[in-house]
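Trainee: Sharing the feature lines straight out of Swiss-Prot:
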BINDING   K29, R43, Y55, Y141  substrate binding site
BINDING   D65, D70, D102  Mg(2+) 1 binding site
BINDING   D70  Mg(2+) 2 binding site
Amino acid sequence: MGYDQLPPGKNPPEDIYVVIEIPQGSAVKYELDKDTGVIFVDRFLFTAMYYPFNYGFVPQTLADDGDPVDVLVISREPVVPGAVMRCRPIGMLEMRDEAGIDTKVIAVPHEKLDPSYSNIKTVDNLPEIVREKIKHFFEHYKELEPGKWVKVENWKGLQDAIEEIKKGIENYKKNKEG
């Protein structure tokens, strides 16, 4: 079964699946080839930085940038690329880059995977230092790449993340139909 056959979650948009592409602590940007289901090395980060948390996407979604909805999963351990995590969205980071609007849904593992995050309901519940690390990473990780840039615009709440996932599911269905 390919990732395109994996539903967007157990009860989306509140209970989602995230296909992990990049493990926490990696300085390598991996990307899943949607046609083959194979994970490729997209590039090594040019900066002396690493992904602060696991990073992936919600299957069967299509964001405004033409890719599946991106998700940064706050967790305690790195997860191998290709693994699927059951998650709960808590908010979103709105950004802009050289290609246009680029939003990142922020999520935590579902309570059945790790109850440590059961008290985190929105990004506002995250420690300030965690939000600052995420913002700092995305503001700087492309800096040394020619022609690339990122501007972090603002944090959005849980409802915005849910709407982004819903829209991604609808876009995917429309695109698949025709």
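Cβ from N, Cα, C; glycine included.
Provide an account of the burial state, proximal residues and distances for the features listed.
Mentor: With a cut-off of 8 Å between CB atoms and residues at least 6 apart in sequence, the same chain places L45, T47, M49, V150 near Y141 (substrate binding site), listed in sequence order.
Cβ neighbour count for D70 (Mg(2+) 1 binding site) (all protein chains, 10 Å cutoff from its Cβ): 23.
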Trainee: Fewest other CB within 10 angstroms, which one of the binding-site residues D65, D102?
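Mentor: Least crowded of the binding-site residues D65, D102, by Cβ count within 10 Å, is D65.
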Trainee: Taking the binding-site residues one at a time (K29, R43), which has its Cβ surrounded by the most other Cβ atoms within 10 Å?
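Mentor: Of the binding-site residues K29, R43, the highest Cβ count within 10 Å belongs to K29.
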Trainee: How many other Cβ atoms are found within 10 Å of the Cβ atom of Y55 (substrate binding site), counting all protein chains shown?
Mentor: 22
Trainee: With Y55 (substrate binding site) as the reference Cα, tell me which of the binding-site residues D65, D70, D102 is the closest one.
Mentor: D70
